[in-house]
Amino acid sequence: MRNGTAITEFILLGFPGTQGLQTPLFIMIFLIYILTLAGNGLIIAIVWAEPRLQSPMYFFLCNLSFLEIWYTTTVIPKLLETFVVARAVICIPCCLLQAFFHFFLGTTEFLILTVMSFDRYLAICKPLRYATIMTSNLCLQLALSSWLVGFTIIFCQTMLLVQLPFCGNNVINHFYCDIGPILKAACVETSISELLGVLATILVIPGSLLCTMISYIYILSTILRIPSAAGRQKAFSTCASHLTVVSLLYGAVLFMYLRPTAHSSFKINKVVSVLNTILTPLLNPFIYTIRNKEVKGALRKAMTCVKTGRAK
């Protein structure tokens, strides 16, 4: 047990070295947030409104877009507050709740992307059996399993955090409630929570990355065996968007967690966290639509219907 004054709230520092830039940063991040909500919401609306997009790939894409909407919503409103108030205060229960949803949704994102890689593996490597294997029931089971596993892993860790007393330093040098600073503020030994966190990280990040890599090894080997260049390009185009998102997400996460401690910089980690929590959710709708003829066709159809309705 560590002696110290009990605390009831945390202070989020955000980006303390941005004096004089608060207003431009607030406007920029607010616009990014609005675009993220609009872009991901538009994908969900188009997929559900267009019968041609009623397929497993777009079902999982809807899950990813829905997840991204709430993933950014757990972080950005509080981040915006750090730009407009002198001290961004958050009560301990609110901080733990934010941490729970942030890591629950983040964990689920890794699992959904892994399921999407399995879907692309079946579509490219088992095209004749794809429709019989990837049924609507299996799609629903895979999606629900991803959400349930993500919830269970983070809920168990959060239950341990809820029982901790907190004292001493209540300043979190981040723009959201990260687990590390929360554990440092605890008045008691936190080795069990830290061990569970390490095990969960190993299970989710390297585990899901390994499954994704195995799927893409089979995908690439199948694509390379296609005799025509047009056939190879068409096959690769169906998974290029997913591969881009996977590369962005895992690249940023591995950069943060696999660097030697001696060379790590918390400022750099915060910048990389911005990539994961703000920019990647913004880019996902554009990545999945720029080279996707079906989604672009559905967008043009929706815009034509809107123009026709206004003309009438």
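For all residues, glycine too, the Cβ spot is worked out from N, Cα and C.
Taken from TrEMBL, the feature domain 'G-protein coupled receptors family 1 profile' applies to 39-288. Marked as transmembrane segment by TrEMBL: 25-49, 56-73, 85-118, 138-160, 198-219, 240-259, 271-290.
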Per Cβ pairs under 8 Å, the stretch of 85-118, 240-259, 271-290 packing most closely against the transmembrane segment (138-160): 85-118
Contact call for the transmembrane segment (25-49) and the transmembrane segment (271-290): at least 3 Cβ pairs under 8 Å, seq gap 6+: yes
Mean of the pLDDT scores, which run from 0 to 100, over the domain 'G-protein coupled receptors family 1 profile' (39-288): 88
Contact yes or no, the transmembrane segment (271-290) and the transmembrane segment (56-73), 3+ Cβ pairs under 8 Å, gap 6+: yes
Contacting positions for the transmembrane segment (198-219) when only residues 6+ beyond its ends and CB under 8 Å are counted: 107, 110-111, 113-114, 117-118, 120-121, 124-125, 153-154, 157, 239, 243, 246, 250, 253-254, 257
